[in-house]
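Comments concern the structure below.
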Amino acid sequence: MNQAILQLSEIEKAFPGVKALDKASLNVYPGRVMALMGENGAGKSTLMKVLTGIYSRDAGEIVYQGQPAQFKGPRDSQQAGISIIHQELNLIRELTIAENIFLGREITSAFGRIDWPQMYAEADKLLARLKVKHSSKTLLGQLSLGEQQMVEIAKALSFESKVIIMDEPTDALTDTETEALFSVIRELREQGCGIVYISHRLKEIFEICDDITVLRDGKFIGQCEVVQTDEDGLIEMMVGRKLEEQYPRIDVVHGQTCLEVIGLTGSGVHDVSFTLKRGEILGISGLMGAGRTELMKVIYGALPSERGVINLDNRTINPVSPQDGLANGIAYISEDRKGDGLVLGLSVKENMSLCALDKLSKGVQIQHQDEVVAVDDFIQLFNIKTPSREQIIGNLSGGNQQKVAIAKGLMTKPKVLILDEPTRGVDVGAKKEIYQLINKFKAEGMSIILVSSEMPEVLGMSDRILVMHEGRITGEFEAKHADQEKLMACAVGKKVSEEAA
């Protein structure tokens, strides 16, 4: 193995009430892809922020290209040849793709004016390299979340970096977009670029990475080549224990029908009908753009419906806003927790109780003691890792933020809980905790809709599964009669009956 192009040795970083990094180490080698693994809260993101100068380090050493390094901020590290593609998009929807890629370093002519033809041409080359079928003159806001992620990757590629850090880069990508990204990673590897690949998708780690570094509780646990381990061994390194069963589904006797949707049409949804019983988990599967999220938002009131009927507990409802949906007993946990679900500048307590203030008030007065008790109960129940309920939620790991988002929905005491990609960007340990919580609500008789792009998750946790394609239901199965092949056939528009299956 070559000499490391980047070495982080025994890095330490503490925040009030928590030691985020405790002698964490990472080596990055030219022409190799290093997976950085660990549960949420293990210190992966903090280590990357120390590297790029967002946080100062308390102790430890960074060596880059054989020289000690201490970057003053992301721009400094970027100019030195280290780019980071963040899990959360750092783009401006109102600008074009090209303007986003070259923001702050626009290509100019000899007279100091922006050379638009040259800038668009360079941006188009980057998009073609990633197989993005859009002109760089397109406004970013017109792109899907997955396409926007590819623009973020194109932006990093434009720096011709020697080290590229990818934090959950495929989280919002389709299979086609993921394969295009992997092609680019292989190309960069051949060119001698060192890549840090942060992902919770173990299948991707074994497909694209050469080496693995594992952190746990801010500590360096170990480094090995991918060929020296397997999924079980890697999980045990990450969580410090064996995960006996990935999807701990429980059997519950279903009650009466709680939710009935008949001929629902609107906002990318066409003539959808289904029922949901008490104590049932209904999985919704399909490819990106199939209309799953749109269907949930129409039911919840976040998108308008054109026609159709929604019955909740034998009463017809017509939610015209999210507040209306909540008032009727429907809670929706968004796939975009930072865009739709949480206010990052507020505390854990404020976020959790935000939608339930009417239930925590008497008249116009909020009962703060009741609020504190309810929030503390959820922090304990959900095992949310936070120094206190007053901690700003933006400082928490992704998995703990997701737990707060789910608790926020449950604070409203809903009849129907809609979970849209509840484990996206969440490590295997936190996933298991979320699955156990879902089972707890199911056992208590709550009606749950689980929307997920991960077919094993839908198959493993659901009682019944609907598959969508182009806004329509193309398949319905009892989970015990379904498999990935049947779900995929329906997801691409092929009608598959359960009997034929």
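Backbone N, Cα and C define each Cβ position, glycine as well.
Marked as ATP binding site by Swiss-Prot on the basis of sequence analysis: G38, E39, N40, G41, A42, G43, K44, S45. The annotation domain 'ABC transporter 1' is assigned in Swiss-Prot to 6-242 on the grounds of sequence analysis. Look at Swiss-Prot and you will find 253-495 tagged as domain 'ABC transporter 2'.
Taking Cβ-Cβ distances under 8 Å and a sequence gap of 6 or more within the same chain, the neighbours of G43 (ATP binding site) are A20, L21, D22, A24, L215, D217, G218, K219.
The number of other CB atoms found within 10 A of the CB of G38 (ATP binding site), across every protein chain shown, is 28. Listed in sequence order, L36, M37, G38, D167, I198, L215 are the same-chain residues six or more apart from K44 (ATP binding site) with CB atoms under 8 A from its CB.
For the domain 'ABC transporter 1' (6-242), the mean pLDDT of the prediction comes to 90.
The 10 Å shell around the Cβ of G41 (ATP binding site) contains 24 further Cβ atoms across the protein chains shown. Summary: among the binding-site residues (E39, A42, S45), the fewest other C-beta atoms within 10 A of the C-beta are counted at S45.
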